[in-house]
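Undergrad: My questions all concern the structure below.
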Amino acid sequence: MTKNYIFITGGVVSSLGKGIAAASLGAILKARNLNITIIKLDPYINVDPGTISPIQHGEVFVTEDGAETDLDLGHYERFIHTKMTFLNNFTTGGVYSQVLKKERRGDYLGATIQVIPHITNAIKERIILCSKNSNIILVEIGGTVGDIESLPFLEAIRQMAVDIGRKNVIYIHLTLVPYIATAGEIKTKPTQHSVKQLLSIGIQPDILICRSEKTVPLHERKKIALFCNVPVDAVISLKDVNSIYKIPKLLKNQKLDDYICNYFKLNVPEADLQEWEEVIYAEKNFNNTIVIGIIGKYIKLPDAYKSVMEALKHAGFKNKIKVDIQLINSQEVENKNFQILKNLNGILIPGGFGDRGIVGKLLSIQYARENHIPYFGICLGMQIAIIEFAQNVVGIKEANSTEFDPQCKYPIIDLIKNRPNNSSKNYNKIENRINLGGTMRLGSQPCKLSANSLSRKLYNQEIIIERHRHRYEVNNLLFKKIEAAGLQVTGRSQKNNVVEIIELSNHPWFLACQFHPEFTSTPRDGHPLFIDFIKSAGKHKKNFI
């Protein structure tokens with residue numbers, strides 16, 4: 001099977017949307033019956049993003065096999081119907097770590113280890129390993145051309161054209177074409193300079209995708225083509241749109257997929273983008289608008305909750321409801337500032353770490369429970385819901401998590417006992433930690449649902465498999481008293497009897513789960529828990545108008 005590689009780089013500035021562009025192109029090529037995978041190369045020194053602050057990096061997307069990866073892999077999964085693995089994302093730190101381990105073992109037989117060839121060879125090996133079962137491999141290189149961090153990756157993809165043949169490689173460069181409002185002009189000079197930087201590395205781009213506030217007109221595309229040495233048909237205008245789900249059609253309308261298929265000499269059927277037409281239609285046509293509050297601590301960067309926000313939108317599509325998402329800093333609720341919660345039709349508390357903002361989250365849950373507002377807790381959102389119920393309903397004021405208070409008298413939430421490095425009650429002290437990275441309960445785990453529960457009804461099956469990312473769990477030894485007071489456990493893991501789902505029966509909609517359902521939601525199908533949460537929030541709005 002011939003393998004064709006499409007390398008996507010970015011220029012001028014960061015955050016241009018290379019991930020969305022790669023996912024959208026992948027969706028079009030997948031619709032042409034091509035076997036696609038997408039790889040993200042990240043040029044930072046961290047081994048993976050698992051220990052990076054969400055405020056700096058955005059969410060950590062967890063794959064089925066438990067890899068902690070870049071949020072772009074979430075876009076890849078949602079757009080191309082393909083599950084990602086640990087092979088689909090690697091970093092400079094991961095590559096260097098691998099090479100250094102080999103050097104310590106003596107695998108290099110005394111050679112002097114250098115960026116070229118050892119680091120670049122390791123990068124190429126990882127790309128080839130991930131492409132084993134695909135015939136079209138899209139590779140997104142993080143960062144911006146010109147950054148020193150990206151150089152080993154750029155050199156590796158330059159070499160790949162030599163190794164496998166230039167005819168099997170396409171270089172796509174995504175650049176910014178700014179619109180200067182005061183002059184009423186689009187400026188192409190930044191793109192020209194960015195391409196020159198790429199040429200200095202030895203890479204001639206085959207296709208330019210020009211991100212701009214407005215459509216780049218033909219005469220400007222001709223100018224870019226002339227000075228950047230690419231055909232006019234290969235200069236693609238990517239104007240700003242109000243929905244990422246419009247991008248596949250935008251690229252298809254400019255025949256980007258035709259250009260690629262002709263380049264690779266692929267005889268494949270035309271792409272049918274009907275499913276994307278349906279998504280766009282659902283996004284525009286709704287009967288109701290509701291307000292959902294995400295109560296979190298990382299709201300300075302909305303990308304910290306990217307998959308949660310997308311899953312809420314997907315659920316809105318399925319219910320013909322427009323979801324207005326409000327990101328609320330949990331610390332703003334700490335002084336019982338319930339005014340900011342009054343207009344919400346649903347409250348969601350997502351995953352997180354640490355004790356900052358916990359009081360505000362507890363108060364938000366209490367407000368949702370007492371005022372019969374639909375509540376959805378995810379990961380930490382489930383753990384805090386249990387603590388709130390234990391303190392305010394059962395009357396166990398000492399109930400807490402050892403994450404927030406290692407010496408608490410009633411540790412209803414405690415470290416997972418059978419995980420590596422989790423033996424110390426003083427785990428939060430730096431000196432007692434061995435490794436933070438890669439030591440949580442990660443990836444897909446089976447869960448058994450209770451008969452006659454809401455979750456069983458929504459999933460319509462007894463055994464489900466969902467993705468996890470947590471270091472703390474419910475303490476089963478202390479939970480019986482809480483369960484007896486009315487907080488039902490309706491889902492437990494099959495392996496270790498871990499509490500996975502809780503429900504409150506005397507409430508319109510109060511459900512929380514230890515796993516992360518947002519990672520498996522798609523714009524076409526949504527996710528059953530999110531869909532019913534939004535449905536309940538819609539009912540709440542009607543009841544309180």
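A Cβ is built for glycine as well, from the same backbone N, Cα and C atoms used for every other residue.
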Undergrad: Taking Swiss-Prot at its word that GLY352, LEU380, GLY381, MET382, GLN383, GLU403 bind L-glutamine, choose the one of ARG467, ARG471, ARG492, ARG524 listed for that site.
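TA: My reading of Swiss-Prot gives ARG471 as the candidate in that site.
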Undergrad: Figure out which of ASP65, ASP70, ASP72, ASP303 sits with SER15, LEU16, GLY17, LYS18, GLY19, ILE20, LYS239, ASP240, VAL241 in the ATP site per Swiss-Prot.
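TA: Matched candidate out of ASP65, ASP70, ASP72, ASP303, per Swiss-Prot for ATP with SER15, LEU16, GLY17, LYS18, GLY19, ILE20, LYS239, ASP240, VAL241: ASP72.
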Undergrad: Swiss-Prot has ASP147, ILE148, GLU149, LYS187, THR188, LYS189, PRO190, THR191, GLN192, LYS223 binding CTP. Which one of SER14, SER24, SER53, SER330 is in the same site?
TA: SER14
Undergrad: As a test of the contact definition, list every same-chain residue at least 6 positions from LYS223 (UTP binding site) whose Cβ is closer than 8 Å to its Cβ.
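TA: When sequence neighbours closer than 6 are ignored, LYS223 (UTP binding site) has THR188 within Cβ distance under 8 Å.
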Undergrad: Given the recorded positions LYS187, PRO190, THR191, GLY381, GLN383, GLU518, which lie close to GLU140 (Mg(2+) binding site), meaning Cα to Cα within 10 A?
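TA: None, since no candidate lies within 10 Å.
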Undergrad: Would you count the other CB atoms within 10 A of the CB of GLU403 (L-glutamine binding site), including those on all shown protein chains?
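TA: Other Cβ atoms found within 10 Å: 21.
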Undergrad: Work through the binding-site residues one by one (GLY19, PRO190, GLY352, GLY381) and point out the residue whose CB has the fewest other CB atoms within 10 angstroms.
TA: PRO190
Undergrad: I'd like the Cβ neighbour count for MET382 (L-glutamine binding site), meaning other Cβ atoms within 10 Å of its Cβ, all protein chains included.
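TA: There are 26 of them.
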Undergrad: Which of LYS187, LYS189, ARG471, HIS516 (the recorded positions) has the most other Cβ atoms within 10 Å?
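TA: By the 10 Å Cβ neighbour count, HIS516 comes out on top.
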